[in-house]
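Database features (TrEMBL):
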- B:370-452: domain 'Cytochrome c' (DOMAIN)
- B:20-45: transmembrane segment (TRANSMEM)
- B:66-86: transmembrane segment (TRANSMEM)
- B:106-129: transmembrane segment (TRANSMEM)
- B:141-165: transmembrane segment (TRANSMEM)
- B:185-208: transmembrane segment (TRANSMEM)
- B:220-242: transmembrane segment (TRANSMEM)
- B:262-283: transmembrane segment (TRANSMEM)
- B:290-307: transmembrane segment (TRANSMEM)
Amino acid sequence: MPVDTTELLNVLRSPSGIDFYPVVIQVLMVLTWAMHMFFINITIGSLLMTIVGYVQRDLKWRKLSQKTIKIAIISLSLGIVFGVAPLLFTQVIYDNLWYTANNLSAWLVILFVPIVILAYYAAYFFYFRNRDRSPSWLVLFPLLSLAGILYAAAAMHIFSYQELFPDKWVDWYTNGGTTMNTSGWHVYAFSVPRYLFFILLSLFVFGIYMKGYAWFFSKREDMDQSFVAWFGQVGQKLAAVAGALLVLDAILYNALQGTLGHPVIWGTVGFVAVVWALLMAWSRSSAGWVAPTLVGLAFFSDLAVGIMREAIRMIELAKFNHTIYDYPMHLNIFGPVLFFGTLGVGIAVFAFVLYVLYKGGRRAGVYEASKVETANTLWRFAWFTVVMWLVIFWGTGVIVLANLNNY
Amino acid sequence: MGQDLLGFYPQWYVPNFGSGYVVAAIASTHVLFSHISVGASFLLAYLLYKAYKGNHEEIYAYVKRYFLVLLLTSYIVGSLTGPGIWFSTTVSNPRGISALIHNFVWAWAAEWVWFVTEVALVYIIYYIFDKIDRRTLMHISWVFAVVSWGTLLLIVGILSFMMSPGSEKWFHTGNIMDSFYNPNYFPQVAVRTSFTVALAALMGLAIATRMRESKLRQELVREVSLIGIGGLLLAGMSMIWYLETLPDRAKTTLDFAIPEAFKNTIFISIILVALVFAFFYALPKANRSLAFLALLMVVVLGLTIFPQERIREWLRKPYIAGDYLYVNQIVARDVPAKGVKSEIPFIDEHGFLKVHPFVPASAKTVTPGNMLEAGRAMAMISCAHCHSLDPAGPRPLVQKLEQVSTRPDVIYQFIERRLSGDPHQGAAPYMPQIAGTDEEIRALAAYLADITKQYVESKRATEQAAR
């Protein structure tokens, strides 16, 4: 007797349920995924431009590759750390989908770690060796790095895509009810338009980021301003081409998925199209607000894509009468208090360091932040909140344990 | 229950190696690099304070180099192997990691806040090291130290719960706090924090080999060595406290089931590291070989951290998490506050093969014709999380059963006794209770007898060929 998909989706949920409103976890998942994707987009885009820049004969392009590889290694780090949160939240509300999709193709997720480590070291090696007159074969390293990151992207794509077919999981794994595919080497589903969509998104977002980079360093007297301006123009061209292809590919993928008619899909794809139109409309504007506004909109494009991705998942699951909103819940507020409290402290710390980074980054020479009242105030507040976090954290522990021993 | 299935996932199996070793390799690597980064954050904040007070340019150069090494090691390998533990446990023990995720999502989310802050800060510190005044640099480094430690403070709550909730309270309240702050929490924080300092000191000695010889370098080597000895001493003392807080089941396993060689290896490797610290404290000029210290770190990874991680996993048995979820994915006791019910009665009544969604239709019902196929499916879902079904890998069943019998009926009796869950019948405290119908257990015994027989015959043939 075939397995009932609705029952399967329900029984694969954690028997202990969740401890807070699923919609809150869903919002956090989409939001943090957008942050993760923003940095991964920058990583992929910057690695590609590193390769393109390095193979040109013009020294200007070589210098571009020196800038973009530095962007790549930092954004890869940030992409990884921001990726932890959506990975966490998806395991809470989509545990049934995530664990199954991973176990169907187990080796893909295991190889993810060593391959990204190798990609990272290849990028770092290139970063240290990339000089104005370094040999052309060195380009193998950013190529290797990009290949590694694209592998990781493919693995994540496969999991996310296999998630959308719960009615096929058992047949896939058992070869139609005859065996158990325990090897973990199988790939059961792959969508080229969907995968390509994220690559194009990377080029679109990174092109805009290059414009933002040019804006940020436009006041630096110790930098070659003609190069900085050119850097931004390259970004404009990249984003213009990639953005147009991105919108077309989004329409193609949703048409193939059968989700094109849904209003959320129209809204999110439409938003990306509007951002692309604004990029084109403001292409010749020299106003100071244009580049930072576009960078903000690039992030919101990632957020729109995150919402689109989530909408597709919900549409597909609705076919099996499955929704995360009825996930059994045992409300417990201590956990959310711990998280949101820690988040508040983290924001206080970021307010201090980002202020110092912004002010210091936009000028030449040493920035004397400790002589600036605003920086000092932000530092004192950040330190106070961090110490208070420790006090409350330890204090709670002592109280809980004292009560535990009396239980 | 009003349902036919239970929530078991597709199973991944690595022949002759075991998915558990994959997890252990990733986890041990993560422990080494993440612990170095936590200890280093305090060491570097202290050194920046010292450099600021004494205006020591050489210390600034040392600290900057240390930060670069951290970026290239802990913040690549450590950062990736962290999610790597999730990835590997997702495919080796999905319900185990799911149980932890669903109880501790917010603690993990809080840890993520510190993780993001920590990684952002390490990049900011390194890249603006010479572009910012040194007082501010020192301030940022102290924040970096506390948030880096914060990641450890949060993850230890989850790790200690894995060993045991430590009381009955959590089962009845379901409150995250009652499981996070369990009796094992503070001792484990003390052990790990002390050990991070020692590891950071070891890394510190390695980086000091790249400094040119000077009085300041010698002072630094001596100071770092002393810090290393202090870290090890504190870790040793905290370990006594830690062992006291283990559940009785784990203490029995530690005393009677874990080979002495495992424990001795850890002890000797720690003494070796302590002696190295003492040697460099006495003769700081001798600290010149980067290769030696890199090798020592590999020794620590292989002979201290890896066996320690294996022992910690062993001590949890038969559970994978929270004293309620067996390592073979079966919920083994009720957690009333969470509405969790033991799955053993349901499986005993309906059959493990039947309620497992990813067992093929051809093996769902045991018949004389599919005995071995159904038995293999049973072995896969009941045993293969810990035991290799092949001659090599973790705890191969054929090597164990070779000493019992190759007869299905004897193996059946052995399973019934050894996995009865009742110590009076001879059940091992670290083995889960067998779940399934009598036919399924007989099929399992038939399969195990078959592979053991094949193993014994092939071994005999090899021995004869060798003669």
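Cβ atoms here come from the backbone N, Cα and C positions, even for glycine.
No curator has checked TrEMBL annotations; they are predicted automatically.
These numbers come from a predicted model, not from an experiment.
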Under 8 Å for C-beta pairs, could you tell me which stretch among B:66-86, B:220-242, B:290-307 has the largest tally with the transmembrane segment (B:20-45)?
B:66-86
How does the domain 'Cytochrome c' (B:370-452) divide up by DSSP, counting helix, then strand, then coil residues?
47 helix, 0 strand, 36 coil
Is it true that the transmembrane segment (B:185-208) and the transmembrane segment (B:66-86) have 3 or more CB pairs under 8 Å, sequence gap of 6 or more?
yes
Along the domain 'Cytochrome c' (B:370-452), what average pLDDT does this model show?
95
Six or more residues out from either end of the transmembrane segment (B:141-165), which same-chain residues have a Cβ under 8 Å from its Cβ atoms?
34-35, 37-38, 41-42, 44-45, 48-49, 100, 103-104, 107-108, 110-111, 114-115, 117-118, 121-122, 125, 171, 178-182, 184-185, 188-189, 192-193, 196, 246-247, 250, 312, 315-316, 319-323
